[in-house]
Amino acid sequence: MNNNLLIIAGPTAVGKSDLSVDLAKKLNGEIISVDSMQIYKYMDIGSAKISKEEMGGIPHYLIDFVDPSKEFSVAEFKELATEKIKDIQSRGKLPILVGGTGLYINSIICNMNFAESDKDEEYREELEKIANEHGNEYLHEMLKDIDLESYNSIHFNNRKRVIRALETYKLTGKPFSSFKAKNSIYETPYNIYYYVLNMDRAKLYERINKRVDIMFEKGLLEEVKNLKAMGLTDDMQSMKGIGYKEVLYYLDGKISLEQCIEMIKQGSRNYAKRQLTWFRKDPRAIFIDKDTFSSEEDISSKIINDIINS
């Protein structure tokens with residue numbers, strides 16, 4: 001199992017956690033969360049964070065470790081997750097990615113480069129000033145000596161892209177053109193088993209609505225009040241998550257509680273739809289319709305057989 005990587009993905013509320021813990025127990029695995037909200041501390045209810053009890057003694061990584069006042073990039077996630085995969089494999093265990101953030105998953109299993117995530121605002125402003133004073137062609141000429149390929153492929157009037165190319169060179173010391181995927185986007189060093197859980201849409205939406213009701217019963221309002229008291233505001237990355245921004249609107253008197261709950265349910269259903277659209281783009285993803293299996297045990301057996309017999 002040295003280079004195997006199991007992925008259990010799917011839309012919100014489909015039931016990924018229970019299945020993944022069961023698989024981890026049976027396959028000697030450890031779990032790496034691929035959820036862009038569960039990374040944050042103090043945000044347990046609205047992110048539906050897995051509890052210690054639900055973990056069933058299986059180690060879970062990249063959960064509950066980022067301060068919600070801080071920004072956290074996909075590039076940072078990729079670096080931490082890649083290190084953790086190596087660590088798990090070095091101990092003879094199976095790393096299992098579990099979650100619904102498609103970009104996090106792709107950062108690990110696709111040939112992507114996140115140099116473009118880095119920014120140098122000061123240098124950008126300087127380049128904008130140069131372009132305003134001397135024109136786009138002058139700015140474009142600055143590319144010629146450092147990145148001829150980008151100079152030839154980017155039109156001088158595409159100021160935003162020209163600035164991006166110059167900025168990338170300043171940040172990395174490498175030409176912007178060198179960051180293009182040289183091979184297939186689906187090239188990966190791992191032997192992947194990629195499963196996406198799904199179910200009848202009406203059933204999934206019912207589960208989503210019920211989950212939102214349970215969040216309020218568990219104390220979502222109190223959780224967001226505490227975050228607000230800590231100084232968190234709606235312009236922070238963490239507070240833009242579904243469930244948090246709407247409760248902030250309610251606490252600020254912008255909407256009623258009824259509207260708040262309905263907005264979270266609608267937002268979560270729309271998000272589930274977008275998640276499924278994202279997962280369908282990857283030809284390696286094997287969709288598992290939960291309705292066609294009589295039990296979770298059967299789904300677990302199917303995945304284990306696939307891995308053993310491959």
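Glycine too: its Cβ is placed from the backbone N, Cα and C atoms.
Keep in mind that what you see is a predicted model, and the values were worked out from it rather than measured.
The secondary structure of Val14 (ATP binding site), as reduced to three states from DSSP, is coil rather than helix or strand. Annotation source Swiss-Prot lists ATP binding site at Gly10, Pro11, Thr12, Ala13, Val14, Gly15, Lys16, Ser17.
Summarising the annotation, Swiss-Prot assigns substrate binding site to Thr12, Ala13, Val14, Gly15, Lys16, Ser17 and lists sequence analysis as the type of evidence. Here Lys16 (ATP binding site) comes close to Ile8, Ala9, Gly10, Val98, Gly99, Gly100, Leu197: these same-chain residues lie at least six apart in sequence, with C-beta atoms under 8 angstroms from its C-beta.
According to DSSP, the region 'Interaction with substrate tRNA' (35-38) comprises 0 helix, 0 strand, 4 coil. The region 'Interaction with substrate tRNA' annotation in Swiss-Prot covers 35-38, and the record cites sequence analysis as its basis.
Take the CB of Thr101 (site 'Interaction with substrate tRNA') and look out to 10 A: across all protein chains shown you find 20 other CB atoms. Taken from Swiss-Prot, the feature site 'Interaction with substrate tRNA' covers Thr101 (among others), and the record attributes it to sequence analysis.
Residue density at Arg124 (site 'Interaction with substrate tRNA'): 16 other Cβ atoms are found within 10 A of its Cβ, drawing on all protein chains shown. Classification of Arg124 (site 'Interaction with substrate tRNA') by DSSP places it within a helix. As annotated by Swiss-Prot, site 'Interaction with substrate tRNA' applies to Arg124 (among others).
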Q: Enumerate the residues of the same chain, Thr12, Ala13, Val14, Gly15, Lys16, Ser17 excluded, that satisfy the criterion Cβ within 8 A of the mean position of the Cβ atoms of the recorded substrate site; list them in sequence order.
A: Gly10, Pro11, Gly100, Leu197, Arg207
**Q.** C-alpha spacing of Thr101 (site 'Interaction with substrate tRNA') relative to Pro11 (ATP binding site), in angstrom
**A.** 9
Q. Can you count the other CB atoms that lie within 10 A of the CB of Ala13 (ATP binding site)?
A. 21
Q. Near Thr101 (site 'Interaction with substrate tRNA'), which binding-site residues out of Ala13, Val14, Gly15, Ser17 have their CA within 10 Å?
A. none
(Q) Please give me the CB contact count at 10 A for Thr12 (ATP binding site), counting all chains in the structure. (A) 20
Q: Report, as a single number, how many Cβ atoms besides its own are within 10 Å of the Cβ of Pro11 (ATP binding site).
A: 25
Q.
Using a 10 Å radius around each Cβ and all protein chains in view, which of these binding-site residues has the most neighbours: Gly10, Gly15?
A. Gly10
